[in-house]
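J.: First, the structure itself, so that you have it in front of you.
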Amino acid sequence: MTTALRQRESANAWEQFCQWIASTENRLYVGWFGVIMIPTLLTATICFIIAFIAAPPVDIDGIREPVAGSLMYGNNIISGAVVPSSNAIGLHFYPIWEAASMDEWLYNGGPYQLVVFHFLIGIFCYMGREWELSYRLGMRPWICVAYSAPVAAATAVFLIYPLGQGSFSDGMPLGISGTFNFMLVFQAEHNILMHPFHMLGVAGVFGGSLFSAMHGSLVTSSLVRETSENESQNYGYKFGQEEETYNIVAAHGYFGRLIFQYASFNNSRALHFFLAAWPVVGIWFTSLGISTMAFNLNGFNFNQSVMDSQGRVISTWADILNRANLGFEVMHERNAHNFPLDLAAVKAPSIIG
């Protein structure tokens, strides 16, 4: 009898826990994805903060020349970073227990893998949690679809690119100047500025910013007057009110006359779908571009494409970009190799006659 009561009590406790996890009445929704998301993101955040402040230098190139990234080793907020794991580790999974000592783990950049893997699992689960909450509230699932764009971008630079290049040392450093260094080296090695998918991503991000500003300014300029000139116009809106707070007909008429009629949306639902879809699709394409360049399917090469009738090269923007790429190439990882492949493969100019 006692055993049966204890089983019923434990079952009730489990049911209560399940109900609490899945309850939409909590101040912050937890969800089953949240059960994984919360510890992984906390782990990534705590390890990142500690490593950013106090991690010792990391032998990123695997040539016994450690690179310092933490604040305690002379960096500031701009120059500091969690340095990627060593090229000597390559693509090996490198948890703490794989190293002979904590010093070795830190020297080889173990914290980078710990932060990145927990962070990726955390943001995957955050996306799943968005779907889960939408499902329980009876909403459509497009919020998590939109969030998949930055998730895809993070996955591309932290996971797909290192996998394609053969080492986590090629992943993006976790810092401001480290991010810029990653971008410059990526341009040097893959000519990303000449990749059409990157161009679509630029159009998505800049276009999304433009459309967001246009939409916000149009709505703000066509608000229905509910307040006096001495009050904030924000007091003219009450949360949950049924009537429109701005005149979409006036906004449509203004924009249609400013450009032309069919450049202006007359359907609020179609407009907001467009505002969401444009940057999301652009970032999807950029993520896909990085994922293809990870395997060295690089941007277009139009070097020395234009020549005069005598066969002399007429330099174009592509040639200027190529020279910049070579400059980036020779400046990064200076001691890891004597000559970059691009320069070593060039035939030496003749000095005879």
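Every residue, even glycine, has its Cβ placed from backbone N, Cα and C.
Taken from Swiss-Prot, the feature transmembrane segment covers 29-46, 118-133, 142-156, 197-218, 274-288, and the record attributes it to sequence analysis. What Swiss-Prot records for HIS118 is chlorophyll a ChlzD1 binding site, and it gives sequence analysis as the kind of evidence. Per Swiss-Prot, pheophytin a binding site is recorded for TYR126, and the stated evidence type is sequence analysis. As annotated by Swiss-Prot, site 'Tyrosine radical intermediate' applies to TYR161, with the evidence given as sequence analysis. If you look up Swiss-Prot, you'll see ASP170, GLU189, HIS332, GLU333, ASP342, ALA344 marked as [CaMn4O5] cluster binding site, on the strength of sequence analysis. Residues or ranges marked as site 'Stabilizes free radical intermediate' by Swiss-Prot on the basis of sequence analysis: HIS190. The chlorophyll a PD1 binding site annotation in Swiss-Prot covers HIS198. Residues annotated as quinone binding site in Swiss-Prot, with sequence analysis given as evidence: HIS215, SER264, PHE265. Feature annotation from Swiss-Prot assigns Fe cation binding site to HIS215, HIS272.
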J.: Around ASP170 ([CaMn4O5] cluster binding site), how many other CB atoms lie within 10 A of its CB?
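T.: Around ASP170 ([CaMn4O5] cluster binding site), other Cβ atoms within 10 Å: 22.
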J.: I need to check the long-range neighbours of the transmembrane segment (274-288): which residues 6 or more away from its ends have a CB within less than 8 Å of a CB in the stretch?
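T.: For the transmembrane segment (274-288), the sequence-distant neighbours (Cβ-Cβ under 8 Å, at least 6 residues beyond its ends) are 142, 145-146, 148-150, 152-153, 155-156, 197-198, 200-205, 207-208, 211-212, 215, 265.
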J.: At 10 angstroms around each C-beta, which of the recorded positions HIS118, HIS190, HIS215, HIS272 has the fewest other C-beta atoms nearby?
T.: HIS272
J.: Taking a Cβ cut-off under 8 Å, which residues six or more beyond the ends of the transmembrane segment (118-133) line up next to it in the same chain?
T.: 24, 29, 31-34, 36-37, 40-41, 43-44, 47-48, 141, 143-144, 147-148, 150-151, 154-155, 158-159
J.: When the number of other CB atoms within 10 A of each residue's CB is tallied over all shown chains, which of the recorded positions TYR161, PHE265 has the maximum?
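T.: Within the set of recorded positions, the most crowded position is TYR161.
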J.: Distance check, please: Cα of PHE265 (quinone binding site) against Cα of the residue listed as 'chlorophyll a ChlzD1 binding site', rounded to an integer number of angstrom.
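T.: That separation, Cα to Cα, works out to 42 Å.
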J.: Sequence gap of 6 or more, Cβ distance under 8 Å: name the residues on the same chain that satisfy this around GLU333 ([CaMn4O5] cluster binding site), in order along the sequence.
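T.: Residues satisfying the criterion: ASP61.
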